[in-house]
Amino acid sequence: MELEAMSRYTSPVNPAVFPHLTVVLLAIGMFFTAWFFVYEVTSTKYTRDIYKELLISLVASLFMGFGVLFLLLWVGIYI
């Protein structure tokens, strides 16, 4: 197959929205991270719930991870 016959790859996410996605995803991730820290500091060992801790930390890590991914794409580090 020749190079001219191939179709050009286009990203499923428009690069113009990388900055917006970065800010929104990182803001949501930092909110859940702060919520996790406040939960850990204000709860006693008797009132802690491991499933709530895992859920909050999982959501925070997902949003922060995708936020960092789009941050790298925004600055030109294409991974």
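Don't overthink the numbers, they just go from 1 along the chain as shown.
Backbone N, Cα and C define each Cβ position, glycine as well.
In this chain, no residue six or more apart from Met1 (N-acetylmethionine) has a CB-CB distance below 8 Å. Marked as N-acetylmethionine by Swiss-Prot on the basis of similarity to another entry: Met1.
If you look up Swiss-Prot, you'll see 17-37 (among others) marked as transmembrane segment.
The transmembrane segment feature in Swiss-Prot is assigned to 59-79 (among others).
Secondary structure from DSSP puts Met1 (N-acetylmethionine) in coil.
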